[in-house]
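Peer 1: Take a look at the following structure, please.
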Amino acid sequence: MQPYLDLMRHVLDNGNDKSDRTGTGTRSVFGWQMRFDLSQGFPVMTTKKLHLKSIIHELLWFIQGDTNIKYLQENGVKIWDEWADENGDLGPVYGKQWRRWETPDGRVIDQITQLVNSLKNNPDSRRHIVSAWNPGDVDNMALPPCHCLFQFYVANGKLSCQLYQRSADIFLGVPFNIASYALFTMMLAQVCGYQPGEFVHTFGDAHLYSNHFEQAKLQLSRDTRPLPTMWINPEVKDLFAFRFEDFRLEGYDPHPHIPAPVAV
């Protein structure tokens, strides 16, 4: 996970101090890219422990098109609690845009089903793209999408993913995003008949909140450890049939968790 640590160090040493929506203050850079070869292990932090259960359940929740936190809460995942209304609703966030993008003429587009079909039937297409950034819905979302657009690429029997993230909370959010999209790529590779290739992570505003500086320095002081491997149930061939029990992280030996406050 050296590319992630390099980004964190670069922002601490060279970033611009800015105000932000939450009033916390950030240090940020604009424009950065990291690459992870998924054949070299599952890209999850080893310099601090991550709550993988939350990552898997959130991804399954996205894929099902859900926008209410009930499923997450039932499974002990609290990462969206601060943004939900009294009924648990978040508005037309990721799941809505991925699975039910509404067009001006009244049609509904299931971008994920379209993606699976195009990866299977037209692998060389340059249109394997899913967008969560819908200008017509942004104002009604509890939180506009941070990881807002991704594209897939097939070459030599391998499936790669590039994510564009407009806004990136480096300490708390980015480790989740890396693991989530790496896992999503592996799931799609399995159901579409490919091997996992690369996960390419491209950032707009990549920032450390000012109340995460000391935690970031602690993480940078720790040695990296070998990456674990992710077992995925090979019997599952339908993207929408995956369940939490179909995943198992093997050989994960991280340093202890580092607590940090969430900027809301």
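Even glycines carry a Cβ here, placed using N, Cα and C.
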Peer 1: Among Ala241, Ala263, indicate the single residue that Swiss-Prot lists for the (6R)-5,10-methylene-5,6,7,8-tetrahydrofolate site containing His51, Asp169.
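Peer 2: Only hit among Ala241, Ala263 in Swiss-Prot's (6R)-5,10-methylene-5,6,7,8-tetrahydrofolate site, alongside His51, Asp169: Ala263.
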Peer 1: Once near-sequence residues are set aside, which residues in the chain of Asp169 (dUMP binding site), 6 or more away, have Cβ atoms under 8 Å from its Cβ?
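Peer 2: Listed in sequence order, they are Cys146, His207, Tyr209, Ala263.
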Peer 1: Can you check which residue among the recorded positions His51, Cys146 has the largest number of Cβ atoms within 10 Å of its own?
Peer 2: Cys146
Peer 1: Quick one: pull the CA-CA distance for His51 ((6R)-5,10-methylene-5,6,7,8-tetrahydrofolate binding site) versus Ser167 (dUMP binding site), whole Å only.
Peer 2: 21
Peer 1: Any idea of the Cα spread of the dUMP site, Arg21, Arg126, Arg127, Arg166, Ser167, Ala168, Asp169, Asn177, His207, Leu208, Tyr209, as a max distance in Å?
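Peer 2: Maximum Cα-Cα distance: 36 Å.
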Peer 1: Radius 10 Å, atoms counted are CB only; among the binding-site residues Arg127, His207, which position scores highest?
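Peer 2: Per the Cβ count within 10 Å, the most buried is His207.
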